[in-house]
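Under the heading transmembrane segment, TrEMBL lists A:12-32, A:228-247, A:254-277, A:283-304, A:325-346, A:358-380, A:400-429, A:617-633, A:640-657, A:669-691, A:712-731, A:743-768. Taken from TrEMBL, the feature domain 'SSD' covers A:252-379, A:636-765.
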């Protein structure tokens, strides 16, 4: 090992200029690549595609559309819909939406679409027509009155017209692929079009436009994600000031910042090179890479600075620092990388992208901050002035470290460990109650007072529409909808599900057929049954078009759509379990109840995937950390001393999630892996110094004191810098970034405390003979 | 070939399921389900509706769903102290001897593909049940056995002649025609010693021998009637499709009353304060005393029937039990 390091040292420091030229060229190339980086969001990336629910969802997506639709509610600000301005505007919105690329034109629906018809029961049977007649003129009060009557007859109040008659809805389905060009839907461009061409053009002081749907949500998230640049700037500024305070030299401040920025550039360039875009959900990663880069850079300048103060030249110091830090720094960064890579086991597109983005970024830091940085520093001239600034500092900090080193006294250690055990027990209890999934109404990625969520609340409030629905796909045989027995079975299933707490209402071909059957019998509610007579049943069902989404072409698949009170994980679980229980009893070869489609079906699958991934993810990330520690320390005791505090902190982080009502979701799941991966750095830096001395038989307290003197200030500084960097996310306009910010801040700070306080206490127990 | 055989086999297995009955599922939401009839009992109220729902209540607020052996939709209920009968789809008749707490099947014929729409008992032993396509059942033993009674006298001359010819030529076809040629019978009322019947295609009729023979009443309307009953002031009323309400007097016969709306009127409810309420679809309520007024419930759900109860009006609607006010 030492030989290898010698070799590297020789090669690198002999050819310092070449190293810099190489890095310069690479940086130039990757910077150019990075400028090509696109924000990229796709619906399918957010869902666990291989989960059985999603397999069913994808299988039937063509027939029943997906969860990818868009709802546009046009509302009169002070008036009802029955006036000329409103109807003209509604028509404009309908026509405009029709022409926005990505919209399935056959599926644009509003009062103005030809398929919006009314039927009424008259003595001779049914009579009906389009809700808006061909000769409709909104300027004519008689025409408005006729339309208002037709709306009531058509039974579309609550769906196409709001309950208070102040809003009307235009809905559209989106095409995942452009039928002409075959290109994938550009969700962000689409969302931008909605904003510009609908809201921008048609919203004014009389009419308001409210838009919801997955693509709009992603658009808003992307827009919010761009705020990250501001946080990035703030974080760089704060970090710079902190580093300056720490090293008291402007040049030494700039170098680690420069190297960390180079790491970010490389990471973003590599992403483009590998054909990835940057997802709004993982936009924080470059940020994290920067913070990690700085923290390792600080270790480096700290080490070089100490050497220089001890009388070495900058080049000697840089070489020495390179030698001593390559192993602990490399191991720490490698364990970060491996920690992030464990996220690859989770079968959700954006988590995998996050894993790739983050692990690549951290791996790059090994090159920029462990190689480039010492090379750059070797050119620095640190004069007497610099040394003078640290003249008295040594003694002052020694006093402080001496105080901290008490942690490794047997008596103090016992107290510390007792407190940690108590905290662990409390954390364990709390973490068991951690909730899976999104706990709040509306789009969880966004804040409750965001425009998107306000629009969601308005639409769910004014219409009898729920965005929280789940479809159970009933798979049976061809023409099954003409069989009373099958339809009756679907109807009974639907009724049992409606009676599950959390299901507000439900609709299926069976329940619609019952309404139509009453319609055929003069609208008499006493006939609201499924007719046993097959001709009658066929007659009823023939009135339902496949575009209703209630049956496929040969009615071998019929969804039962369950509208839910909310999308809390407990609600979803209750309903999913009820479906599973029901099908245990009633499922047959020719009658299968398949989970699940619809937005809540997607959430159910995601929740299951996330909760199933949690345990293996923790297992892998800790396994990776343990293996790397064992390899570098070659000591079980040292490994335990690093890993145990780490584990306690990850449990406490879960307890914090319970306390703060942050659910385990696609965005919070990776946080623990990130936290563990980065948190292990502190322990590795401290113990790498200690373990040599302990092996040489030095008492624990002395070894710890020496380690603190050498690395302590850098560790404290790193923890605080990282924490300050991520804590700025708390002000993000995106809720998931706020959640991630809180959790990462917690993990960085508490892991640092764990390494400084708990690690020596454990060490004093493990090496109890070396007093 | 093999496929056909297995399909035939499947048909064999499916067929018996029809004869099998599924008990009604006791559901938390039964009180909010489609309820089709309500009546007062000695202890309070009884309501019946879809999926074999039978609910009892002592105060109109709390309702307890009862165990019922069949889950067919029940359309009507009649009460004689502790004795009760409910009828519904699949030609189902169920009866209770203990005030509605336990129910036995008296008649169940799903293969008829006809619902029963109303039931009425003259005393503990004698009763009739009516339904779609002129289905008419009579019992003389408290419901232990029910006999079908064809009432072709309710048809016009031409149809009667046609049927009689058919009976001589082709007995089977006659039976088939008899099962579909008659109009739907929707509602019975027993006023004094006279029995009244309301039904499809302008059918209003009366009988003075407990329905053994009927005589049609002429009315200038060819749509369906859903109820015929006595108003609080003693006048005879008939209510039907598209807001049609008729009042009868001996001099002029049936005379229309303008209700001002076009939704079906389902039931005539005579309230004790000299006021009559006619309930209908879309939540329409026609209030009749000296003059007529129209209101609509806020939720606009179809109201099927109602009863006066402890000074309140308890109604059954397509969304369950509701208290209604003028």
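Note that Cβ sites are derived from N, Cα and C of the backbone, with glycine treated the same way.
Remember, predicted model here, so these are calculated numbers, not experimental data.
Remote same-chain partners of the transmembrane segment (A:283-304), defined as residues 6 or more beyond its termini with a Cβ less than 8 Å from a stretch Cβ, comprise 39, 225, 228, 231-232, 235-236, 239, 243, 246-247, 252, 255-257, 259-261, 263-264, 267-268, 314, 317-318, 320-321, 324-325, 329, 332-333, 336, 354, 357-358, 361-362, 364-365, 368-370, 373-374, 377, 674, 678, 681, 685, 710-711, 713-714, 717-718, 721-722, 725-726, 729, 737, 740, 744. Note: the stretches the transmembrane segment (A:254-277) and the transmembrane segment (A:669-691) are not in contact (fewer than 3 CB pairs below 8 A, sequence gap of 6 or more). Beyond the ends of the transmembrane segment (A:12-32), by six or more residues, the same chain brings 262, 265-266, 268-270, 273, 315, 318-319, 322, 367-368, 371-372, 375-376, 378-379 to within a C-beta distance below 8 angstroms of the stretch. For the domain 'SSD' (A:252-379), the number of residues in each DSSP class (helix H, G, I; strand E, B; coil) is 111 helix, 1 strand, 16 coil. Across the range of the domain 'SSD' (A:636-765), the DSSP-based residue counts are 114 helix, 2 strand, 14 coil. Highest Cβ pair count under 8 Å relative to the transmembrane segment (A:617-633), across stretches A:228-247, A:325-346, A:358-380: A:325-346. Long-range neighbours of the transmembrane segment (A:325-346) within the same chain, counting only residues 6 or more positions beyond its ends whose Cβ lies under 8 Å from a Cβ of the stretch, are 1, 5, 8, 48, 292, 296, 299-300, 303, 352, 354-356, 358-359, 362-363, 365-366, 369-370, 374, 609-610, 613, 616-617, 620-621, 624-625, 628-629, 631-632, 669-670, 673-674, 676-678, 680-681, 684-685, 688.
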